[in-house]
Amino acid sequence: MIQFNANKPQKIIITPGEPSGVGPDIVIMTVQKKWPIDLIICADSNLLLDRAKTLNLPLTLVPYYINNTTLPFKPGKISILDMSLSQPVIPGQLNVANNNYIINTLNRAATGCINGEFSALVTGPINKSILNKGGISFSGHTEFLAKISKTNTSPVMMLSNNKLNVALVTTHIPIALVSQFITQQTIHNTITTLVQGLQKYFNISNPTIYVCGLNPHSGESGYIGSEEITTIIPALNNLRKTNMNCNIIGPFPADTIFQTQYLRYANVILAMYHDQGLPVLKFSGFGKSVNITFGLPFIRTSVDHGSALKLAGLGIANNNSMTLAIKTAINMIKNAYNYAKNTL
Ligand SMILES: NC(=O)c1ccc[n+]([C@@H]2O[C@H](COP(=O)([O-])OP(=O)(O)OC[C@H]3O[C@@H](n4cnc5c(N)ncnc54)[C@H](O)[C@@H]3O)[C@@H](O)[C@H]2O)c1
Ligand SMILES: N[C@H](C(=O)O)[C@H](O)COP(=O)(O)O
């Protein structure tokens, strides 16, 4: 057990995500080893037991109660906060009927984080299209969790691996809307939330952020797009005038910013939109990266991959990203505790 708060056992709640995808597989694989913290899975117990049987992995589910104590370790023995599916799951086959189940697991887990029952939320992958097809407007966990936790400013998505950290100004919006979503205010909010997140959860007191431009060659002095001149440069200049402890460098052309000469100094590269930054991050370590949300009232990490329907139930999905998501959440809990102690 982690030693940083002897009065309160730390618990991480895990939502496996889309039930017909690889989420249940990677969670079952990940609880075969001993963890230095209590893990609780928020899911349908029959789904997990069926999937474990298919994967030929041991699984013992112990009902979760708010005051239950740490379980003695045995591979596959884990606490379950049981939530019922509407219909049985066939691995690889999405079913709109189970949309409410997915949302219920997220709501229950997030509420538990907001009220202090859990120290962090780790999410498995969700298929955004099946939720929308069933009439639930869902562009991503990041936005969904921000909405239900009623955060004032937009949350910030950062993906991280052992080579690179990439954060985004805009997340899941159509490319046609990106330019209008990049305002001085959104850049200001993103960098402020990012800096606070790095200080509190990653123990980086004076983070250095390298910022991408939006247009090719960062707008080529206004000849290939004007957002750098009208919006990005003024926003960065205003941020430099604040008393926030950070170094803000850029904007740089996105096609040349991902070089060792910059990366060696950058704590984070800030991209203007999803597919400006994440392809580079995923090329550098797909399956070995973690997705972190800053700006929520609780810690949330996730895998770097999607629901991978074709792999569900086959025993060939890779669980490295889920393992990293849990390890990162544990480190974030420790760092937040030390940060709070030091800022008292
Ligand atoms: N954290 C999340 O909730 C999350 C993250 C990314 C994508 N998604 C969603 O997932 C759905 C499917 O997206 P996609 O097909 O673009 O991406 P995907 O990550 O599901 O699949 C991309 C490729 O990576 C492989 N892959 C994915 N996870 C793997 C694993 N654990 N082990 C081995 N190989 C793996 C797949 O087989 C596929 O070839 C979409 O609805 C997308 O929005 C969710
Ligand atoms: N943008 C994420 C990725 O590419 O990995 C993914 O869609 C998940 O986002 P949420 O954590 O908001 O669901």
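Any Cβ shown, glycine's included, is placed from N, Cα and C.
Predicted automatically and left uncurated, TrEMBL annotations should be read as such.
Listed features, source TrEMBL:
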BINDING   HIS141, THR142, LYS282, ASN291, ARG300  substrate binding site
BINDING   HIS172, HIS217, HIS274  divalent metal cation binding site
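Projection of TrEMBL feature records onto the structure.
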residue	record	CB count, 10 Å
HIS141	substrate binding site	26
THR142	substrate binding site	24
HIS172	divalent metal cation binding site	15
HIS217	divalent metal cation binding site	16
HIS274	divalent metal cation binding site	18
LYS282	substrate binding site	18
ASN291	substrate binding site	25
ARG300	substrate binding site	27
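If you compare every pair of Cα atoms in HIS141, THR142, LYS282, ASN291, ARG300, the residues listed for substrate, the longest distance is 19 angstrom. Ranking the binding-site residues HIS172, HIS217, HIS274 by Cα distance from THR142 (substrate binding site) puts HIS172 first. Cα spacing between HIS172 (divalent metal cation binding site) and ARG300 (substrate binding site): 17 Å, rounded to the nearest whole number. In the three-state DSSP classification, ASN291 (substrate binding site) falls within a strand. Ranking the binding-site residues HIS141, LYS282, ASN291, ARG300 by Cα distance from HIS217 (divalent metal cation binding site) puts LYS282 first. The 6 Å Cβ screen around ligand 2 retains HIS141, ASN291 from the binding-site residues HIS141, HIS217, LYS282, ASN291, ordered by sequence position.
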